[in-house]
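Database features (Swiss-Prot):
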BINDING   32, 33, 34, 35, 36, 37, 38, 39  ATP binding site
COILED    170-265  coiled coil
COILED    307-481  coiled coil
DOMAIN    525-620  domain 'SMC hinge'
COILED    656-914  coiled coil
COILED    985-1014  coiled coil
């Protein structure tokens, strides 16, 4: 598998379609820096599947597209193609039979890449699979870029292992292992889902089994809870009695102490008022004195500041006067010096003017002499140079014509040989084209494509339908589980409510049950079960009816009256007759019957009972009632003519009507949920059956589609290869015909050029001999004129220097005179200004003396007055401090009394509140005892003295939690249990199948691991041996080796040890850049020696090497080229010498790279002719 050519278009700087042929095993790429040589390496890496823009020296994948230049627009897409010669059949699998393999990658501005294999669109994975085990890849050891040769040897042990694995061909095994692990992961996920389903199913089965046992505990726990609650009430009542006695004694003591503290507080307030009045008077007197003190202080401060400021100003004026007098004396001295200096400068300037005029006349004469000599020299030089130029031109023309004749002779020989080769190729291609049948391949591809498209369409339709069925199944299961959970919860609630309601309706009374059983009325409805009460009036109805809620509903009372008279009295037995006629309307306002709906004759029980919204309205309406009538409120308060009844329903019937309404609602909800579950179960079952059918058909269709895809890929590859060969051969025939015609024209043109060159050579040789004699004569004349011109130029230069010196001196004198005059004028002005300033200073000193004495006298008087006032203020402050101390002491005593009163008042309030709270709680407990029909004293008498409420409370809570933990009871669990058990058996079969599949996959993993271990060990040992042999060869000595970081061959990293001759370094990182590069080269060549990749790309690997190492490196590359094809980029001439074929990358147009190729062997052969 050999790389034939590289085609680039629009990739980075290669904007034009460019082909780089690779005819030999040593191809060098040369060119200046920045011309695009490394873009060739990037192109190869990119087309082989590189997906990281960073490894291509870019930020995004679109950066590889030519981005435009000063003269070019940006390209719309980039394309790179590699063409391989696979005549050796090294490409594995289905590609082994192709003589030529072409892979191409192109990318547009949107960053999406497309891959093509022999002209057929494919995936990136297909490209990487093609190179698995060959040593090639986007980041393989066969591509070594700038700077990476050293990083290769410094790679981490894990990264170095990947290189050894690629050399061992393990990558394809690892890919298979990865795919097997994915299948194992999917299998484990399915097992986990099955385990979750089985676990959930197991929980449901256990739940159904447990529900039957829960009902047995309910009654026993309820009775025990009632007993403990009654005893707990007794404990609380006894504790409240003791608390009330204690609070009453504490409250009496606190009230006595409160009266005593109130008297103390009043005495403190009276004393505090007298002290505050005295403190106010003292404070006012001190404020007046302090105000006067501040006024005196301010005036004294002002006078003191004024005196200091005046004294400072006078001192500054004296200093200023002395400084001005000194300045005036200096100005007068400087003025006299400048007058003398100005007279001397003017005299010297007049003398220089005479000398300068004489020298300027001499300079004019010297310039004339020099110009005449220069003109003669120029004329002579131009004549001699013209003759010399003509002679050299004629000699160059003669040499050019000789070279041209030699090239024309060689070119003629080449054209003759080329004609013979082209005629032979033309004959061979015509025969091959006649034998190639492309149409048969096209018909085969069309047939497979049509069948595959039909199969793919069927697969997609089946997949869509299967997904729809999965959604349907998932949706049904998602709805079924909550529905089942809701059904179980409601069924449990129904069972609990039925148990409670059975007790409330008296169905568990044994004596009455025997009578009803004898009368065949055990299953008859009870009054509380047949009536419906308007919301809010349940308490009122329960209060009025009481035990009559347990009445048995019968069609007629007549058959049972005689039996009742003869029967033994039961604990309670009531009968109620169904309504036989219409209900009479009431006349005294809303009746309780108006809030009840029932098919029963309730007029006898509820006649004359009216309704009111609250007790006040009931009392108002009771005034107009008849003796047998009464009014009841929603809360159960009942009032009649001359009587009032305030009671709650008895504990057995409390909430029975609301519970009955809730029970009817729950039964209706159970029916709805059961219907919903049946519908959802049917939908889920239908979806599962349909999904299994669709998945089976989909697998068969996908299998057929895969087979057709493989066949289509093979057929397309064969068609593409045939079409490519046909197109290539036809194109080559056209090229050959065109080249033969061009050869005939070139041979005619070559003969004409040869005759022209011979004639031009003879003419140039004759003219050159004639001009040689004339040029010698002109040379002597030119030398004599040069000497005369040099003498005139030196004389002129000397005079010019003297004139410049005199002019410079004159200019300097004029400048000095002007400066001195200006300075003298400034000194005169400064003298007058300084004298005026001195007079003003003397006058100001005289004027400031008198005010200073007056202010000093006034300052002494004010200071004495402030001292007297300060002593008086100190006495007043001491008096005020004594009064404030007394105020603070009395205020502290009052505050202490207030705090004690506040705390005591709050304590008394809390004790009263606690007493009231305890009293209310005791009354509440006594009411609860009354409702339960027990006396507190009797219950407490049966309790031990050390009984603690917390223990009884914990027992009640424990029993409540046990009852709560029982949850609802499900009476329909058997059928569901059988259904779920059958489903569990099906899931267990699925689990066994998946477990067996997982075991098979694990065996496959073990087999792959064994193969990988064996291959890795063998490859590591061979590469290590080759590395140990290559290293001394490159370094001229030393030693190197590869070492494993651990014993596990599946995970062990690989480290590199290298010691050049004479060194004992402990780490590879201590080597120089050149030594690292040579060590990495030795390792790469050892890998290539074991498993040579089809080609190797080296990008300036020799850059860090010196000349001796470059020589050894080049010789080793040349030896390795017998097995491996090398494409190297270099700037080193020694490396270029080993190349069989040179490709030069140029950038004549800014930003655009082009390739110029040279066959070195052909060039050497041509040069030797």
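Each residue, glycine too, has its Cβ placed from N, Cα and C.
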Residue among binding-site residues 33, 38, 39 with least C-beta crowding, 10 angstrom cut-off: 33
Around the Cβ of residue 32 (ATP binding site), the count of other Cβ atoms that are within 10 Å: 11
Candidate with sparsest Cβ neighbourhood (10 Å radius) among 34, 36, the listed binding-site residues: 34
Other CB atoms within 10 A, centred on residue 37 (ATP binding site): 24
For the ATP site built from 32, 33, 34, 35, 36, 37, 38, 39, further residues of that chain with CB within 8 A of the site's CB center: 13, 31, 1145, 1147, 1153
Per-region confidence, the domain 'SMC hinge' (525-620) (mean pLDDT, whole number): 70
Cβ atoms near residue 35 (ATP binding site) (within 10 Å, other residues, all chains): 18
